[in-house]
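> Below are the features listed in Swiss-Prot for this protein:
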SIGNAL    1-18  signal peptide
DOMAIN    24-169  domain 'MAM 1'
CARBOHYD  Asn134  N-linked glycosylation site
DOMAIN    168-329  domain 'MAM 2'
CARBOHYD  Asn329  N-linked glycosylation site
DOMAIN    340-498  domain 'MAM 3'
DOMAIN    507-666  domain 'MAM 4'
REGION    521-543  region 'Disordered'
CARBOHYD  Asn524  N-linked glycosylation site
REGION    665-686  region 'Disordered'
Amino acid sequence: MLLRGVLLALQALQLAGALDLPAGSCAFEESTCGFDSVLASLPWILNEEGHYIYVDTSFGKQGEKAVLLSPDLQAEEWSCLRLVYQITTSSESLSDPSQLNLYMRFEDESFDRLLWSAKEPSDSWLIASLDLQNSSKKFKILIEGVLGQGNTASIALFEIKMTTGYCIECDFEENHLCGFVNRWNPNVNWFVGGGSIRNVHSILPQDHTFKSELGHYMYVDSVYVKHFQEVAQLISPLTTAPMAGCLSFYYQIQQGNDNVFSLYTRDVAGLYEEIWKADRPGNAAWNLAEVEFSAPYPMEVIFEVAFNGPKGGYVALDDISFSPVHCQNQTELLFSAVEASCNFEQDLCNFYQDKEGPGWTRVKVKPNMYRAGDHTTGLGYYLLANTKFTSQPGYIGRLYGPSLPGNLQYCLRFHYAIYGFLKMSDTLAVYIFEENHVVQEKIWSVLESPRGVWMQAEITFKKPMPTKVVFMSLCKSFWDCGLVALDDITIQLGSCSSSEKLPPPPGECTFEQDECTFTQEKRNRSSWHRRRGETPTSYTGPKGDHTTGVGYYMYIEASHMVYGQKARLLSRPLRGVSGKHCLTFFYHMYGGGTGLLSVYLKKEEDSEESLLWRRRGEQSISWLRALIEYSCERQHQIIFEAIRGVSIRSDIAIDDVKFQAGPCGEMEDTTQQSSGYSEDLNEIEY
């Protein structure tokens with residue numbers, strides 16, 4: 001099933017002292033080292049000759065899973081988890097290959113955290129590197145193989161290794177090279193030097209680690225360069241946890257005038273940034289380089305050498321290390337996402353206005369059938385510009401954010417709503433104010449906005465100097481002006497598009513891509529439906545989703561149902577843990593005939609369901625937040641049940657469901673409102 005040629009390389013890869021591997025590690029030579037198959041899934045099978053463990057796909061069906069669970073682990077120091085694996089495929093399964101997922105399971109959480117996923121088939125072994133932040137909490141590693149199409153494909157694990165340290169560190173003494181890879185070039189590439197490897201064209205150095213011919217390092221030589229500006233790149237594993245500090249390494253350069261040795265970072269969006277360049281050849285010995293390195297979001301480090309011709313000599317690299325302590329004479333650029341964000345529930349946070357007079361007013365509107373509330377909870381505060389207290393011809397309202405350090409990439413997200421403007425030009429715009437140059441640059445302005453819908457905007461920006469974000473609303477004439485609402489401003493490090501390429505947060509569902517892990521007892525016209533935009537029936541249902549205003553939500557279409565008919569949406573089975581759970585979600589109940597929305601807890605092996613929360617009748621034209629705190633130490637499911645009311649104006653919707661470990665930080669008023677008819681609504685099963 002597996003390519004036998006892979007085994008020869010693996011025997012060199014696996015450590016001779018496999019039995020002494022640290023906790024959380026296994027070379028699968030004679031045992032699975034405490035990693036066990038979960039009985040309710042397909043088994044992982046240890047190869048008779050050792051070397052690897054695999055999933056037998058010959059009898060499995062597409063979509064079936066094989067789950068491997070580690071013993072209890074603890075990472076009190078920063079650790080690196082490396083996985084050597086292979087996914088093979090057949091010609092019939094190219095469109096739907098098998099998949100390998102790696103999760104982290106904490107003892108006090110009902111959901112597993114997806115750390116990594118891969119489904120790229122390969123004819124040789126591959127390596128994945130994952131940074132694990134230090135934590136006092138115990139956890140398990142869960143490895144899940146999902147079968148693709150065809151029964152000749154395979155999923156195999158050759159080694160799992162968990163060691164103290166950072167995945168970006170490497171001395172190049174092991175065959176897997178710590179997950180560093182060379183970007184292949186026909187003429188110039190990075191090679192392993194030292195040991196028994198010798199190059200006849202250049203006099204290469206001894207390695208730095210052992211300072212002998214027994215050690216290894218990486219080098220790139222110009223002897224095969226055929227063109228000017230030939231480039232060789234050595235690419236590190238992608239960082240998977242935020243880190244900042246001092247990145248150090250040793251290097252040697254021969255004939256430095258004919259080559260350029262540089263260090264870059266590259267994020268998941270493909271954006272490069274040069275963070276270091278060798279300014280002189282250095283001496284004949286190994287030279288130490290220390291570089292201030294910050295990876296608040298996933299990125300790779302790229303060691304790049306550019307040659308100007310075949311006489312450019314060589315560049316050698318060894319002993320890459322990282323320390324969370326910053327380099328000499330360097331200080332960390334302090335940035336706090338919390339201090340740079342605001343939902344205006346308590347005050348303006350670190351935002352402020354022009355001294356000439358307040359243009360933005362912090363308001364709280366009790367939502368009803370005619371007025372929408374804030375975006376955060378539906379019942380809280382937001383900012384309003386062009387109110388009756390500020391609106392005047394030529395009025396300009398400016399809201400300044402806190403100072404942001406320069407030379408960092410930021411993602412700005414906020415929600416806004418526009419009411420009553422005849423023209424959208426300059427209704428709301430965002431500027432970047434460079435403090436040192438007193439220059440403002442417009443980076444966004446509203447083009448169109450449906451009335452009464454909270455819309456999300458997201459902007460990625462980066463400036464070399466310290467900056468501030470400025471929200472500006474302009475009222476050119478009294479007759480053209482309406483209201484501008486602003487809420488839930490967040491500023492985070494990294495590109496806004498980065499989140500699309502990261503694993504989704506555990507226990508969260510926005511319904512943007514699909515229904516997540518929710519299922520339905522019955523799926524027909526009277527079921528829960530995933531939708532974007534307005535619902536078909538007027539005077540009921542939301543105009544847009546809660547997440548972005550233009551995304552998806554789940555709802556029942558009352559015109560397809562009869563009075564008392566119900567639809568049920570079930571979560572996947574959740575692990576029972578000790579302590580409190582907090583379930584939050586947003587619900588929309590607008591329409592004169594609105595029925596009931598209930599949330600139930602169903603415990604494993606119990607026929608009865610416990611009611612956790614309920615709302616009945618028309619609530620508001622707004623999305624409202626619900627918080628439910630509950631406890632359950634047994635496996636269980638959460639059920640969202642919507643019941644159609646007395647008329648077709650009974651659409652009910654939910655969005656942005658989130659499960660969290662621990663108690664809810666705040667609890668809303670649990671007073672239930674009544675629409676005047678029976679609570680059970682003559683429930684009908686269909």
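A Cβ is built for glycine as well, from the same backbone N, Cα and C atoms used for every other residue.
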> Going along the chain, which residues at least six beyond the ends of the region 'Disordered' (521-543) come within the CB cut-off of under 8 Å?
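For the region 'Disordered' (521-543), the far contacts come to 450, 452-453, 511, 514-515, 550-561, 565, 567-570, 588, 590-594, 623, 640, 642, 648-651, 653, 686.
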> In angstrom units, rounded to an integer, how far apart are the Cα atoms of Asn134 (N-linked glycosylation site) and Asn524 (N-linked glycosylation site)?
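With the alpha carbons as reference points, the distance is 47 Å.
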> Relative to the Cβ position of Asn524 (N-linked glycosylation site), how many further Cβ atoms are located within 10 Å?
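Taking every protein chain into account, the count is 9.
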> Within the domain 'MAM 1' (24-169), count helix residues (DSSP H, G, I), strand residues (E, B) and coil residues, in that order.
3 helix, 66 strand, 77 coil
> When the pLDDT values for the domain 'MAM 4' (507-666) are averaged, what is the result?
93
> Run through the region 'Disordered' (521-543) and tell me, per DSSP, how many residues are helix, strand and coil.
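Going through the region 'Disordered' (521-543) residue by residue, I get 0 helix, 5 strand, 18 coil.
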